[in-house]
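In TrEMBL this protein carries:
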REPEAT    118-152  repeat 'PPR'
REPEAT    229-259  repeat 'PPR'
REPEAT    260-294  repeat 'PPR'
REPEAT    365-395  repeat 'PPR'
REPEAT    396-430  repeat 'PPR'
REPEAT    497-531  repeat 'PPR'
DOMAIN    712-804  domain 'DYW'
Amino acid sequence: MKKAATKSINPCDIRAVANFYAAQLQLCCPHSPTSYPHARRVHAHMTTSGFKPRGHILNRLIDVYCKSSHLVLAHQLFDKIPQPDIVARTTMLAAYSASRKPDMALEIFNTTPLRIRDTVFYNAMITTHCHNDDGHAAIELFRGMRREGFPPDNFTFTSVLSASALVADRETHCQQLHCAVVKSGTGLVTSVVNALLSVYVKCASSPLVSSSSLMGVARKLFDEMPVRDELTWTTIITGYVRNGDLDTARQVFEGMEEKLVFAWNAMISGYVHNGFVSEALEMFRRMNLLGIKLDEFTYTSILSACASAGLFLFGKQVHAYILRMEDKLSWDFSLSVDNALITLYWKCGKVDEARMIFNNMPVRDLVSWNAILSMYVSAGRMNEARSFFIEMPERNLLTWTVIISGMAQNGLGEEGLKLFNQMKLEGLKPCDYAFAGAISSCAVLAALEHGRQLHAQLVRLGFDSSLSAGNALITMYARCGVVEAAHCLFLTMPFMDSVSWNAMIAALGQHGHGAQALELFEQMLEEEILPDRITFLTILSACSHAGLVNRGRSYFDAMYRLYGIRPDEDHYARLIDLLCRAGKFSEAEDVIQRLPFEPGVQIWEALLGGCRIHGNVDLGVQSAERLLELRPQHDGTYILLSNMYADVGRWDDMAKVRKLMRDRGVKKEPGCSWVEVENKVHVFLVDDTAHPEVQAVYNYLEELGIKMRELGYVPDNKYALHDVGSDKKQHGLSTHSEKLAVVFGLLKLPRGATVRVFKNLRICGDCHNAFKFMSKVVERDIVVRDGKRFHHFRNGECSCGNYW
C-alpha cells in the first residue's frame, strides 16, 4: 500500500481507481493470515482518499472480513450500504450460519425482498437451519421456496435432505423424499444420493421403523449408484454399525478397493461400542501392519476399548506408541487422545497417573475436567472431588450430576442435597439424572418427606417416566421404610431394567418379605431379564434374612452353572451368612475351606456375626482373631467379641477385649437413632440428656413400660452388657437410643401415623422385644431400620418373625 500512496492517480478516472482497489483486494486469499490486515489497509486508503466504492468492491471487503471471522466489521460495512445486493446478503447470511448465529442469519433472510432472492440465497438459509439442527425449519423453508417459484438445484436437495435426516423417523418420510429426488432429476448426482442415503440410514435407527427394511432400501440405493465417493462408503458402513449389523458392515468394508481411514475407524468404533473388544484390537493391529495412518479417532476408540475391558498394559503400549510416533500434535488431536488416556488410566485404577496426564495437557476442555471429577468420585476420594469441583473453571449439567450422585454414593447425602439446591440457585435446570442423585441422597439420609417432595417435582416436570429416577425412587422409598410405595412405583414404571428388578428384590428382602423377593426373582426370569452379580447378592440376602437356606444354596449353585457368573467374595460372604444365621456352622466352615481364594474380611465378619447370634464362642473367637489380623483398627470386631463374652458371663475376657481396644486407640462408634418429625431429623444417643424434650420422652417411656409389663413384657437383662446389678441393667436397657427415638415419634407424630426410626447399629434384642409390645399398646405401626435390615412391628408381631 506504500506504493499506492505514492502513485499518481487521476481522481476523475473512477474506473481506474476502482480497478486498482479491486486488484489489491484480489490479493486477499480467503485463508491467508495476511488477508485481513491487507484488506484493512485497502479499506483505510479508500476512506482517506475519499473514494466511494461500489457494490463489487464492498462485497469483496465483506467477504474477506467474514472469512477472517471479523463479523462485526462486516456487518458495520453491510449496514452502510443503502441497498445491499443479493451477493452481500448471501455472504453475510453464510457467515452467520458458519458462526452458529442462526438468529442473525434469519434476520438477514427475512429483511431481504423476495424480488432479489435467488436459489443460492435459499440454499444458504436452509444450510443455516441444518447447522442449527432445526430440520423442521429447513423443510418448511424448502416448501416456501418451491411455492415462491424458486427452482431447487443439487445443493438445495443436498441441504434439505441433510436437514430431513435430523427429523425423519418413519418409512413414509424416506419414501416421500426419495420420490422428490427422482422427480427433480437429481437422482444420479452423487452428493444428492449421499444425502438421501443418510436419511435412510438415520431413519433406520428410529424405534418406529424396521431397521432391516430401511437398511435394505439404503443398500439397494448404494448398489445402484453409478459413482461412489468417500462419503458414500462412510454413510453405508456407519449405517450398518449404528444399527448393530456389524457383520454386514464388515462385508461392505472388505468390499472397498481402497480402505480409507474413516472406514477402519467406523469398524473399530462399532466393535468397541458393541463390546467386541478382541475384534476391535484385531482391526487396530491389522490397520497398523498395513501402514495406514492412525488418527485421533483411531486412538480414542482403541483406548476406550482398553478402558472398558480393563486392558491396562495394552492401553499403556498404545500410549507409548503415540508418544513415540506422533510428532507436532495438533491441539484437537492432543485433546481427544489425552481425554481418552485419562479415562483409561482411572478406570484401570491409576488415579494419580491420570491426574498427571491432566496436569500436563497443553489444552483442556470441559470433558477433561469432568473426566477427572468422575475419576475422584468413582475412587471414593470425595475430599479431592470436592476441591476439584470448586476449582473447575466452568461446569455443565453433567458436572453437577456427577458430584451430586457421587456424594450420595459415598454416604454424604446432606452435601448431595445442598449441591442439588445450589445447582438450581445458579440457574441450571436439573435433568432426571440430577434428580436421581438428589433422591439417592434422600435415601442415604432416610429423609422421606424431602424425597416425596422431589418425587412431586419429577412428576410436575415430566420426568416421572425416567428409568434412572424411577430406580432411585424405589431405593429411596425402600430405605425410608415405605416398601409399599416402592412396590407400587415398581409396578407402574413404563420400562424396567435389571437395576429396577434388583432394587425391588433387595427392598423386599431387607423388609423381611423373603418369599415375595424370591417370587419377584422368578418373575424376572420369566420376563427373560438375565440376572447379574448384583441380582444374586440381593437374592442371597433375601434368603438369609428369611432363613431360606435350601433356596439360597440352590441359587448360589445356579450362578455359574446356569448363568456363567463366578461368585465373588461378597457372594460367598452372603452364603456363609445364610448358613451361620441358621446355625449350620459345619457347612459354613466347609465352604470357607473350599474357597478359591484366601478368605478376607467379609467372610470372617459373616462367620463372627453368626457366632454372635447363636453364642458359638469358640468359633467366634477364631474368626475374631482373623479379623483383628486383617483389620486391627475396626471397632466392630472388638464390640462383637466383647458382647459374646458378656452373653456368657465371661466378664474378665470382655474386660481384656475392651482394654486391648483402648491400648490400640480404637474408638467405638456410638450407637445413635434418629426420627424425622415435621421435616426435621431428631437424633438420640444412649442415655440421652441433650435433646430438649428428652425428659418428656423418659416420662412417656415409663408410662408405656407399665402398660407393656401388664401384657407380659419383661426386660431381657442379657442385653445389658455390663457386670452390674439387675436394676441398673434394666435402667440401661430403657435408655437405648432406639427406644428414645421411637417414643419421641409416638409423642410428636400425628395419631395413627407410622413411626419410622433409623439406627446406625444392629437393634438390640430387648429393644426388638419391647417394640412388639409397644406396637400393641399404642396400636400403631413402628418401623425400625438398623445396620442390616428393616423391622416392621404391628400388633405385637415383627415382620422378621424373630429371625434376624
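Backbone N, Cα and C atoms are what each Cβ position is placed from, and that goes for glycine too.
Heads up, TrEMBL stuff is auto-annotated, nobody curated it.
Since the structure is predicted, the reported quantities are computational estimates derived from the model, not experimental observations.
Mean model confidence for the domain 'DYW' (712-804) is a pLDDT of 82. Counting residues 6+ beyond its ends, the repeat 'PPR' (396-430) has Cβ neighbours under 8 Å at 366, 369-370, 373-374, 376-378, 380, 382, 385-386, 389, 436-438, 440-445, 447, 450 in the same chain. Using DSSP to sort the residues of the repeat 'PPR' (396-430) gives these counts of helix, strand and coil: 26 helix, 0 strand, 9 coil. According to DSSP, the repeat 'PPR' (118-152) comprises 26 helix, 0 strand, 9 coil. Long-range contacts of the repeat 'PPR' (497-531) within the same chain: residues 467, 470-471, 474-475, 477-478, 481, 483, 486-487, 490, 538-539, 541-543, 545-548, 551, 555, 563, 565, 789-792, 798-801, each at least 6 residues beyond the stretch ends and with a Cβ under 8 Å from a Cβ of the stretch.
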